[in-house]
Amino acid sequence: NIWGVGVVGDMSTIFMVLCMLPFILLFVIGLPRLNPPVWLIMGAGDVPGEVQWGKLISVMTWNLSGFDGAGHVVEEVDNPSKSFPQAVVACLFVVSCTYLLPILVGTSVDQNFSKWTDGYLSTVAGEVGGEWLQLLMTLGGVCSGLGLLLSYLCTSSRAVSSMAAMDIFPGAMGRFLVHLNPRGIPANATVATAVLTGAFAVSLDFSDLVTVSSFFYAARLLLILIALPLNRIRYPTLHRPFQVPLGNWGLVAAVTFPIAFCMANLVACSMLNVRTLLLGPGFAAATLVLAGAYVLCCRPDGFQGKIVSTMALQKAHGFPGHSLHSDVSLTAETDSTRLNYRSTANGHTENGIAACGNGLQQP
C-alpha cells in the first residue's frame, strides 16, 4: 500500500488467482459427484432446526460488501467511468460463481451440515480431492484474507486521509493523517488504519468481526444511499465520472430496497448477543456522543470542504473545455485553505466552500 494503488492492484490480482484455483479444482473434480436431489429436498441431511437470521444476514452482507470502496481510489484509476462498471459486473459474476459452485459440490458430497462451520470447506475439499486439495483450499483461504486486507487497507486509508484534508480531525492528528509521501500515497493514514485493524483482529473472533463489520458497513452504506439521490437533486450540474442512468425519482426507487435491507441488517446484527450489541450499537452510540461534543465544542462553524462544482474549480484554475456558460466568482479566505465559489450554469446557481488542501495553490 505504501508503494501505490498500482502495486495493490497487481498483488490483488495474484491473490485472486491463488484464491480461485482451489475452488475451480474443487468444482471440476467434484463435478461427477453432483447430486441435485439433495439441493431440492427440504431437511436433507443434518440440517439445524433453527435459522440464525442475524448471523445469516450479516454474513451475506459481508460476503458481498466492499464494492463502494473503489470510489476512494477513483482519482488514481485511468478512465474510471468505463473501467469501474466493467470491473463491478465481472466481479459480481466471479464472486457468485465462487460461492455457488463449490457449495453445490460440497452439499452433494457431505450432508453433515451441523459441522459446516468456519473453515469446514477445506475438509470438504479433502473429501473430494484428497489432502493436497485440502491444503490448497487452506492456502487459498489465507490468500483470500491477505487480498481482502490489502484492498480494504488501500481504500480505507484514502477515506481517512480525505477526512483529514477536510479538517475533520483536530490539529496535529489531522496534519499527520493528511500527509502524503513522495509517491503521493497517504502513508500515515495507511499505517494508522493498519494498526487499528490489527487491534480489532486480535481482540475479536471471526464471527464477531464479521457481525461488527457488517453492522458498521450497513450504517455507512445507509448514509451513502440516502445521500445519493439528495446530492443528485441538490447538485445537478456536478461532474460525475459515472452517473446512474436514472432520473431523480427512478434513483429514489432504486435505493429504497437497499435502504430497507441495510436497516434490517442493523437490527439483525444488534440482536445476536450481548457482545455484538455492545460492539455495534453501543460503540456507535458512544461515537455519536463524542462526535457531537467535538463538533459543538471544537467545530461550531462546521468543517472545510463541501461538494463543489468541478466546472467552477476548473474555471478558477484556467482549465479549458467548458461546455456550459458559467459566471464564476472566487475569493480566498484568510486561512489560505478555503475557496468560496459561486457557479451559475443553465439557470442553476450553486454556492459553497471548496477545501484547497495542502498541495493545492489558490488562484
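Cβ atoms here come from the backbone N, Cα and C positions, even for glycine.
Unlike curated records, TrEMBL annotations are generated automatically.
Sequence annotations record features per position, and here TrEMBL assigns transmembrane segment to 12-32, 87-105, 132-153, 185-203, 209-228, 249-268, 274-297.
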Stretch contact, the transmembrane segment (209-228) with the transmembrane segment (12-32), Cβ-Cβ under 8 Å, 3+ pairs: no
Same-chain residues near the transmembrane segment (274-297), Cβ under 8 Å, at least 6 residues beyond its ends: 170, 204, 208, 211-212, 215-216, 219, 266
